[in-house]
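Please read the structure below before turning to the comments.
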């Protein structure tokens, strides 16, 4: 195959072109080592002199008169020294006059240019004439219009200057313009980039600032997209499209608690923003991004998982997770208690000495010191006496560090179908790995739901001292009777019905049953009549509403015609003043 990036030339035509002396002379003038002639333009005069300011001494000084075609030799003549000195003086005087005229013209051009650019008339501010000038004399009155005019004038000047340059010089001065075809040479590119090149996918070329080549922890404000079906979970791999990069990382979601700490969230909130922290390249704040979970077209639903903006970049992060430790008292004194089942060793207790603890009932306390004998038990003080049934808990915060995981997306190096062995592979979710390998989901004992067994609490009876009970008033005296060992007469007596009483009770029960049946039938019939009545009332209300609506429309129609006839042109306008 032919390499189409290499241009094809006709060498015979090139040989014929560069045999022309005029073309060679034009090409020679492109190089900085060329020596311009005396009739060159004013901008090229600096090339006729060397560094010391002396003229070039090469050549014999011969020149050709372009009008007559006569070649005049530059050899020194046979005249005397006086004539030569006179000629030098005359040429020096003429050169001085020419230099003065040139400087005068330059000053005049500079003055005209300054007056032309002075659109607001600031040069007349000292004379006091600027304030009295009109728009024609000083240009636009508004500063904004004046600045726009000045910018447009500078753009026109630049365009006019650049039009006089060739394409190469113009590209060096202002860069390549939009729409220009450029040829870029890339170095250290993997071979897979060319072997797996797909012309259907455009390649975007960009540059990275020196500050964007460092890596650290990036804090962003992120929100799950409302069209994405599932909420996002902390430490689940997510593909970010951030700036010029696309990479996969493990974000940790958090929320600010009263601006004192960043508390970790297990899942993203439903309809609000949260903070996200991940390890990746440092980018400028206020840079937007979007996230996807997979590039596969097989996943149904909306693929944009989340969007957000970068808040700050830092080498470290401070994210904490709430941790609650519980313990139970096993020995209680007045304001002191011994707590167990909260720690495992005396070293752990030493780290939390002085920490605030609390019971479920709201009694506050403090961890004092570890006990010597039972390992993991400690002594604590409380503001009031606690009960054996109280649960003591310690609220702590555990620091969380995001994983330093950065997986750049290199799908442009894959084969065309993207399913080859050398294709880019993303980190899969734990559920996907278990499903592909047929591993069942482990069920931990602590994660299983179990019935809550709350034993019934038995409270001790209230015991009032005898001395205090004797001092109570008669109305508040506590009557305490000893429990009887034998049943009373009323408890032992059995109720036995006689013949007449049994017949009377049976008859009364039958009559009550008949009465209840009649009442039920009567209520059912009455409910049927009420249904018919309610249907008639509803129908009459509908007819009434329709009639009122029709009458209301007819009334406002007549009223509108009446007002239109009275007002002439239709009313609605203001009344004329008399």
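Counting begins at 1 with the first residue displayed.
Just so it is clear, glycine is given a Cβ too, placed from its N, Cα and C backbone atoms.
Among the features that TrEMBL reports, coiled coil is placed at 497-531. Annotation comment: TrEMBL describes 43-68, 79-92 as compositional bias 'Acidic residues'. The compositional bias 'Basic and acidic residues' annotation in TrEMBL covers 97-116, 437-456, 538-559. The domain 'Ribosome biogenesis protein BMS1/TSR1 C-terminal' annotation in TrEMBL covers 83-400. According to TrEMBL, the region 'Disordered' annotation covers 36-137, 437-459, 538-578.
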Summed over the region 'Disordered' (437-459), the DSSP helix, strand and coil counts are 1 helix, 0 strand, 22 coil
Between 0 and 100, where does the mean pLDDT of the coiled coil (497-531) sit? 94
Taking helix as H, G and I and strand as E and B in DSSP, count the residues of the compositional bias 'Basic and acidic residues' (97-116) in helix, strand and coil. 20 helix, 0 strand, 0 coil
